[in-house]
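Database features (TrEMBL):
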BINDING   CYS523, CYS526, CYS563, CYS566  Zn(2+) 1 binding site
BINDING   CYS532, CYS535, CYS550, CYS553  Zn(2+) 2 binding site
DOMAIN    4-102  domain 'Primosomal protein N' 3' DNA-binding'
DOMAIN    532-557  domain 'PriA DNA helicase Cys-rich region (CRR)'
Amino acid sequence: MYANVLIPLAIPGSYHYSIPQDLEEKIKVGMRVAVPLGSKRFYTAVVIRIDQLPPEGVKEIKPILFVVDEVPLVSSDDIAFWTWIAKYYLCTEGEVLRTALPSALLPESHTEVIANPEYEASEPLPCADLNILDLIIKRGKESLSIAEIQKSIGRPALPSFLRLVKSGAIQLKEELNIRTKGKHEQTVALADSLAEDEMLLMKQIDLLHRAPKQQKLLQKLIALLDSQDIFPHGEIPLRLLCGNNANEATTLRALIRKGILIRKERLRKLTKTVGSVFPTSPLNPKEKIILPEGVSVHYQESIKRKEFFLEQQISQTYAEGKQVLLLSPESQYPPSADSLTERLCLRYGDRCQLYSSRQTASQRITLFQQLAQQDIPVVVIGNRSALFLPMKRLGLIIIDEEQEYAYKQQLLAPRYHARDAAIMLGQLKGAKVLITSETPSAETLYNMSIGKWKNLLQGEEQPRPRPIDIETVNMKTLYRQRRLQSDETISPQLETAVKSILEKGRRVVLIQNRRGYGMYVKCKKCNNSLCCPRCSVSLTYHKQSEKLCCHYCGYEQLLPYICPSCGNPNREELQPYGFGTERVAEEIKKLFPQAQILRIDSDIAKSKKRLETLLNQIETGNVNIIVGTQMMAALPIWHDIDLIGVINLDSILAFPDFRADEKAYQLLYQLAIRSSFGVKEGNTRMILQTNDPQNPFIEALSLGDYRLFIEEQLQERQACQFPPFTRLTTVVIRALDRSVVSNVARQFATIINRNLPHELITDIHTPDIERIDRYYIRQIILRRPTFMNSNAERQAIIAAYNELSISVPDSKKCKIHFDVDAI
């Protein structure tokens, strides 16, 4: 027998391995296996097909080394989903696998490990495993790769490594203090003889009449087994049987010594117990909707009514014995006490699980394995990666706030959009798909208008225009009239408004969509800016750390004492220009020294504990002014807000992106809506500081008619042939040499022009930031009309790429990827 497996590498196709005879009965599609690749490298792969005959034309087929799983980790539907992702988004299935599974589930020969100091062996280890464990322990805190271990012992190390990982004896370096086998728990079960013979069990209970505590604990175990429908052969977690009761723990040890009970260990399961069951909030009869099959859209500006509706749909699906997947951008932030996430966790207990970057690798692995091994109703709340969880009974997928651009993976392949991928997943698993938003994307509103996606709210139920109380401040005039200095950004109008709000005991939010202190640092003597040595951008100054940082490649350096361009030794003449959140917070603190001011941006959010502390401060009312970037829109900070100040509207609108106005409208309109729900009288005020107060965008925003704004945007896009009237695919070519990347891009464009209509291809485009992390960049943008078959475009791109690889030698010096449905 032969296994066709996927290896988590960016290589096309799959690989065949022979199945050793002793593994033929064990191995199944969806299991992980350890396989060799080349002479020295080993990987953890996933079986996608089992064949009786070897593939044609292959002379030597290596054997599988080791089966990692006892049951399949993923289903055939999951594998079909990976295949669709790879095909549609023009990447390899290995890249999809690398995204789909937590990295700790895919160890390889270059994986680095250290010993787990908390490990206690429950049974003797094989000699080979002990030798490797001793070798790792001797290195102390220094890590070892599997390849290094193998070199030291002179034989393959992966089988022993996988056993040691599974036992928890060693840890991956990148997952310190995390066991890659997932969270395990101690359980208690009846002895086999008693489980097999109920009469003998009853007799044993009677015999314990002289030990009433033991009799009571045994009866308690039987009752728990019965309540879980797993009597007599099941297991009950030790934490449920004894909790923290020391007396019961002593009694349990006595029962184990007598051979009546046995202690075991297993992967921690999702129990059938739930939290506090309470009715969902009331809805009007019109709002009690049974979702149709396929894709539905719930466009509702009231956050509370939207959340009530989601609770109803989740409850209905759960009651049918099915699983629910709720994708939400808020899942990566700590939930507030009254948030939808918190209510769902209270309602469904440990049947409601979170899966995002906020969870540790151990928690993510545990949930992944629980879902693979159990077939029970569950509610999972997560970010885009939660789409790849092995949910066997998936009944409903919810994409909340679908307009959020975090749903599109952009840095690494597969560059998928979670909303579109969720629709395909729903088709593969027979699940309904529900899209919700206060400000749906232009694509979603268009699909609703043509009947492709069902609009759940009709007529009077649809959102109505909500005029916004907007005041504009002409910053250009203030600077020209010297009413504001060049190193100031808080206008007199905004300062007066803030003062008035603070006197009422209410809160202010100031939005500046740039983090750091100064956007760039320039020498007054030579007028040159300090630039990133690896990118074609200026370095951003962060005053708190006294560092210059590149927000594209991560390069950092301390602020120099001497200008690197002219050698000017006067450090004070290296001046920061522009305003980031740090500088705005500093300026507002000078104006209002008694106010409690908090700054929230991605620099702060890197520390989960720090972000939780700040949110707690806000929730307890110990904050007057909040300064931050657009990431604040997803945070629970919008009660008691009477004023929103936009420090620089032009910087939000200035992005070279045809969606820039749409993104800005969504951000500011949502802020106005969310804050208005907490205002005692009227609407929240919004002050926009801008150099162009006549910009039509401002008038459109003040009208508060989001649907009208999007309709006008769609008219412009149709005239210019932008999405949703076409589909964009961007070919991105990168090389260390500018002339090489220009030549290869030109050749690629020539080849692809022969395969696709010329009018669908733009000229070679040099992005505004031409060089990132040492690589020069060129782009070719393809526009496919929606009526054109995507397979034709895909085949043309692949054919052009293959021809380029053969005919243009310089293409080997380039990195090329495809961004399908680019945003």
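Glycine is treated like the rest: Cβ placed from N, Cα and C.
The binding-site residues shown are CYS523, CYS526, CYS566; of these, the one with its CA atom nearest the CA of CYS550 (Zn(2+) 2 binding site) is CYS523. Mean pLDDT across the domain 'Primosomal protein N' 3' DNA-binding' (4-102) comes to 92 in this model. Other than CYS532, CYS535, CYS550, CYS553, the residues of this chain whose Cβ falls within 8 Å of the Cβ centroid of the Zn(2+) 2 site are, in sequence order, PRO533, ARG534, VAL537, LEU539, HIS551, TYR552, GLY554, TYR555, ILE772, ASP773. DSSP assignment over the domain 'Primosomal protein N' 3' DNA-binding' (4-102) gives 24 helix, 27 strand, 48 coil. Taking the mean position of the Cβ atoms of CYS523, CYS526, CYS563, CYS566 as the Zn(2+) 1 site, the remaining same-chain residues with a Cβ inside 8 Å of that point are LYS524, LYS525, ASN527, ASN528, PRO564, SER565, GLY567, ASN568, GLU573. Here the binding-site residues are CYS532, CYS550, CYS553, CYS563, CYS566, and the one whose Cβ sees the fewest other Cβ atoms within 10 Å is CYS566. According to DSSP, the secondary structure content of the domain 'PriA DNA helicase Cys-rich region (CRR)' (532-557) in residues is 0 helix, 9 strand, 17 coil.
Least crowded of the binding-site residues (CYS523, CYS526, CYS535), judged by neighbouring Cβ atoms within 10 Å of its own Cβ: CYS526. Ranked by CA distance from CYS563 (Zn(2+) 1 binding site), the binding-site residues CYS532, CYS535, CYS553 have CYS532 at the top as the closest. Tertiary proximity for the domain 'PriA DNA helicase Cys-rich region (CRR)' (532-557) is limited to same-chain residues at least six positions away from its ends with a CB under 8 Å from its CB atoms, namely 514-521, 576, 580, 582-583, 586, 603, 769-774.
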